[in-house]
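**Q** Pulled these features from TrEMBL for this protein:
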DOMAIN    1-109  domain 'Ribose-phosphate pyrophosphokinase N-terminal'
BINDING   33, 34, 35, 89, 90  ATP binding site
BINDING   122  Mg(2+) 1 binding site
DOMAIN    155-255  domain 'Phosphoribosyltransferase'
BINDING   159  Mg(2+) 2 binding site
ACT_SITE  183  active site
BINDING   185, 210  D-ribose 5-phosphate binding site
Ligand code: R5P
């Protein structure tokens, strides 16, 4: 049984279809004082796969409730899929007195599940914060399906951390070069500056690939530099299209041609699904347990 969190309903439905598993009609209610109540139908003797991106504080609460609800409803085994794990960027205590928020969230999630599947977490190390087995999947390759007819393509990572996924997308697309910028972010102001590489972009289509577009500062800086340097078209591609606040406007103002993302966070630009990658991960997990 696939059990969707409220913000992951399209992905959960796609996953149910891909895997042939039934889709639970969960409900999401709210009391007058603001407290939430997520619930699931009765089922017994099955594995419940809770699919819930934690892209808001409400989504975290809902996830913990769904994990508890499926046990109450009779699930023998619970797998938790976090298509997008919020708080993963708070993977250390940056100043005295601050929490390691990713660890706190992971510990809470671990209490209600037998296993966790993460899609492109911001830092792979966050997997170690869970107290149950974790599988981390790289779904960036599905972005290639949203790209076609690229002219002399360059797949560019806006910082060193994204080189791997830029290569994944290039490999899935089948041709093109890869390169990366150097990035500096001012911790106080959040302002981002990127130092261009030597790669020539004149008359080329450039796909800037990142794990997440959050405020859009990183991506819009990269787009701005590339447009200035004469790129033909610049596409912004990311696994997690958070697109908070005025990110879309910043990207448009910088001259982006298109924004493409997956359905780990449902947005207007979520043009490809990670469901096939999650299907493989669930099948591999089941096979490993049987073996
Ligand atoms: C940073 O290392 C990440 O890969 C992203 O580049 C970053 O988190 C994006 O954040 P924003 O959109 O706020 O610049």
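A Cβ is built for glycine as well, from the same backbone N, Cα and C atoms used for every other residue.
In TrEMBL, annotation is done automatically, which means it is predicted and not curated.
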**Q** So for residue 210 (D-ribose 5-phosphate binding site), how many other CB atoms are inside 10 Å of its CB?
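**A** There are 23 such Cβ atoms around residue 210 (D-ribose 5-phosphate binding site).
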**Q** List every residue in the same chain as residue 34 (ATP binding site), at least 6 positions away in sequence, whose Cβ is under 8 Å from its Cβ.
**A** none
**Q** At 10 angstroms around each C-beta, which of the binding-site residues 33, 35, 159 has the fewest other C-beta atoms nearby?
**A** 33
**Q** Taking only the recorded positions 34, 183, 210, which have a CB closer than 6 angstroms to any atom that belongs to ligand 1?
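**A** Cβ under 6 Å from ligand 1: 210.
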**Q** Under the DSSP assignment, what numbers of helix, strand and coil residues are found in the domain 'Ribose-phosphate pyrophosphokinase N-terminal' (1-109)?
**A** 39 helix, 23 strand, 47 coil
**Q** By DSSP, how many residues in the domain 'Phosphoribosyltransferase' (155-255) are helix, how many strand, and how many coil?
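**A** Result for the domain 'Phosphoribosyltransferase' (155-255), in helix, strand, coil order: 34 helix, 33 strand, 34 coil.
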**Q** Cα distance, residue 183 (active site) to residue 33 (ATP binding site), nearest Å?
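**A** Rounded to the nearest whole number, the Cα-Cα distance is 44 Å.
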**Q** Cα-Cα separation of the residue listed as 'active site' and residue 122 (Mg(2+) 1 binding site), in Å?
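**A** Between the Cα atoms of the residue listed as 'active site' and residue 122 (Mg(2+) 1 binding site), the distance comes to 16 Å.
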**Q** Given a 10 Å Cβ-Cβ cut-off, pick out the one of the binding-site residues 122, 185 that has the most other Cβ atoms nearby.
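**A** When each Cβ's neighbours within 10 Å are tallied, 122 leads.
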**Q** Just the number: how many Å between the Cα atoms of residue 159 (Mg(2+) 2 binding site) and residue 210 (D-ribose 5-phosphate binding site)?
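**A** With the alpha carbons as reference points, the distance is 8 Å.
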**Q** Restricting attention to the domain 'Ribose-phosphate pyrophosphokinase N-terminal' (1-109), give the mean pLDDT.
**A** 96
**Q** Of all the recorded positions given, 89, 183, which has the fewest Cβ neighbours within 10 Å once its own Cβ is left out?
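**A** Ranked by other Cβ atoms within 10 Å, the recorded positions 89, 183 bottom out at 89.
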**Q** Restricting to the record's ATP-binding residues (33, 34, 35, 89, 90), give me the longest CA-CA distance in Å as a whole number.
**A** 30
**Q** How big is the Cα-to-Cα gap, in Å, between residue 35 (ATP binding site) and residue 122 (Mg(2+) 1 binding site)?
**A** 29
